[in-house]
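**Q** Can you read through this structure? Questions will come right after.
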Amino acid sequence: MLCLQSYASSSEGDSDHEDAAGAAASTAVPAHLLPVDKTHSVSSAIAVCAAPVVVPIGASAVPRTLDPTLKEVTYNPRYDEMYAPVKGPDHPDLTMQQRAPRNTLAGYVEKAHINAFEFENQRRTFHTYGYALDPSVDEAADGQTFVGDLQSAYDDNGKTVFEAPKAKKMRKQEKNDKPDDIEGFLGPWGKYENEVSVAKPNEQERAELDELLSKRHKRGRIPEDKPLEEKATLHIKDAYDYQGRSYLHAPHDLGVNLRSNAPPPKCFLPKAHIHTWTGHNKGISSIRWFPKTAHLLLSGSMDCRVKLWEVYGERRCIRTFSGHRQAIKDIAWNNKGSHFLSASYDRYIKLWDAETGDVVSRFTTRKMPFCVKFHPDNSKQHLFVAGTSDKKIICWDTRSGDIVQEYDRHLGSVSTITFVDDNRRFVTTSDDKSMRIWEWDIPVDMKYIADPTMHSMPAVTLAPNGKWMACQSLDNKIVIFSALNRFKMNRKKTFTGHMVSGYACQLDFSPDMSYLVSGDGDGKCYIWDWKTTKMYKKWQAHDGVCISALWHPHEASKVATAGWDGQIKYWD
């Protein structure tokens with residue numbers, strides 16, 4: 001670089017002469033007007049780039065690419081860049097339908113031109129005769145390829161509606177349009193030639209029909225399960241006292257008259273937890289006091305078992321009844337307490353002897369029973385009703401095991417059955433968000449209550465005086481209906497504050513009708529004042545749903561609650 005820099009310089013003599021002349025001139029001219037000294041100038045330096053121009057290998061074959069999803073481009077792309085095909089690796093998880101090329105939202109539309117008259121011609125031909133020319137443009141069609149009913153196309157030589165193929169032969173019809181012929185007038189209703197009015201199958205068709213029906217019946221039939229071993233386990237040794245009386249006999253030495261028909265004069269709010277009955281492996285669905293005396297407690301659970309508990313004394317588990325394949329939905333005592341019913345999701349209702357533990361009868365309609373109840377009259381203790389999942393209320397006779405009546409008017413599964421008006425009528429609620437009132441043994445509802453604001457009511461309790469019904473509504477309310485005459489809703493009495501949406505939490509009155517008690521979906525127990533509808537007390541009773549709360553009929557302040565944690569708790 002230094003050699004190149006000095007390549008164009010002159011001889012030393014010339015440079016000396018020039019230096020002398022410059023010095024002489026500098027004395028007369030100002031310094032800022034003098035020419036720049038060449039030794040300090042960059043114009044004499046020649047910059048040379050020794051690096052060769054190298055084109056990267058394959059650079060011309062790698063054009064810029066545009067992402068088709070871009071909304072904004074920061075440079076001006078060429079035409080071939082903008083309309084280049086989309087390339088890249090295939091998505092490994094796409095289905096065949098997603099891999100198919102699409103140019104519309106629904107699929108791929110082929111560009112084609114067709115005459116409007118020809119399109120309409122082929123469309124009408126297809127709708128009239130069932131065939132048309134093949135419109136596909138993928139294959140080289142010769143104009144003689146048809147789609148649809150090919151046989152008709154070949155028979156008519158592919159003629160369209162405008163070419164009028166041969167008319168089909170019409171069957172002859174008997175005609176008599178004379179209005180004066182009253183007996184023989186046919187009008188447009190005349191029969192066709194060789195028309196058969198009643199179609200009777202011949203022997204071969206009858207055999208085929210019977211085979212088809214048998215197959216269909218076999219397919220729709222629910223397979224019968226093998227009979228389950230039904231057993232009752234006694235957990236106490238002293239099942240009979242010194243006089244030979246069983247545990248069903250109410251004790252006398254408790255300080256409480258359990259045989260009294262009068263309620264306690266004044267009821268009080270329970271304050272303490274005094275006992276817990278444990279023994280069920282899964283949640284409890286229903287509990288029932290022993291009729292009248294309430295010295296025993298019956299519980300049905302989702303572990304497919306029914307248990308009988310002592311309420312007084314040592315409060316032991318007396319007996320366990322096992323005989324269902326699936327969870328227990330409802331249980332019901334008869335008036336004497338000698339027998340009880342258990343309804344299960346295995347579609348069976350079983351009648352048990354409470355003393356011996358034997359199964360007396362089994363009832364089923366191959367539908368799930370959601371509620372069961374004996375007729376309250378002592379003269380009709382052989383009859384019980386059950387609400388099922390196929391929208392019916394079915395009445396059975398336990399003596400013969402036959403269905404004696406069906407009440408079929410509901411539009412949804414029947415949830416509750418409540419007898420009112422001295423047992424002459426009963427009230428049912430259903431998942432169809434309605435309430436129906438029935439006369440006993442008359443299968444037509446005498447009153448239908450439905451309102452757009454009503455919700456399903458899966459639990460109903462009759463007041464001790466028989467005048468009111470408390471209904472657990474799934475909009476987190478307890479609504480009150482009159483149980484006499486008009487069965488009208490009492491809009492002034494509505495109990496709120498608890499959360500029962502989605503749960504059939506059973507509720508109960510205190511014996512003197514001063515309080516109303518109910519569980520809720522969070523495991524709490526609530527007590528309201530009946531007159532003012534004011535909530536008096538709530539407490540955490542169970543870990544799961546508190547599905548049932550029952551006030552003892554002879555105790556002033558004792559309440560039993562059952563929950564989905566498998567426990568029954570006693571409060572005082």
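Every residue gets a Cβ built from N, Cα and C, even glycine.
Grabbed the feature section from TrEMBL, which reads as follows:
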- 1-23: region 'Disordered' (REGION)
- 1-12: compositional bias 'Polar residues' (COMPBIAS)
- 277-311: repeat 'WD' (REPEAT)
- 321-362: repeat 'WD' (REPEAT)
- 407-439: repeat 'WD' (REPEAT)
- 507-538: repeat 'WD' (REPEAT)
- 539-572: repeat 'WD' (REPEAT)
**Q** I'd like to know the mean pLDDT over the repeat 'WD' (277-311).
**A** 95
**Q** The repeat 'WD' (407-439): which same-chain residues, six or more beyond its ends, come within Cβ distance under 8 Å?
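**A** Same-chain residues near the repeat 'WD' (407-439) but 6 or more away: 368, 370-373, 375-377, 385-395, 445-450, 454-462, 466, 469, 471, 481, 483-484, 487, 504.
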**Q** When the repeat 'WD' (507-538) is classified with DSSP, how many of its residues are helical, how many are strand and how many are coil?
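**A** Computed counts for the repeat 'WD' (507-538) are 0 helix, 18 strand, 14 coil.
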**Q** Residue list, the repeat 'WD' (539-572) vs rest of chain: Cβ under 8 Å, 6 or more residues beyond ends.
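**A** Long-range Cβ neighbours of the repeat 'WD' (539-572): 256-258, 260, 263-264, 266-278, 280-289, 292-294, 297, 299, 301-303, 309, 311, 315, 503-511, 515, 517-525.
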**Q** Going by DSSP assignments with H, G and I as helix and E and B as strand, what are the residue counts for the repeat 'WD' (277-311)?
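**A** Within the repeat 'WD' (277-311) the tally stands at 0 helix, 20 strand, 15 coil.
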**Q** In the repeat 'WD' (407-439), how many residues does DSSP assign to helix, to strand and to coil?
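**A** The breakdown for the repeat 'WD' (407-439) reads 0 helix, 20 strand, 13 coil.
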**Q** List the helix, strand and coil residue totals of the repeat 'WD' (539-572) as derived from DSSP.
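**A** Once the DSSP states are binned, the repeat 'WD' (539-572) shows 0 helix, 18 strand, 16 coil.
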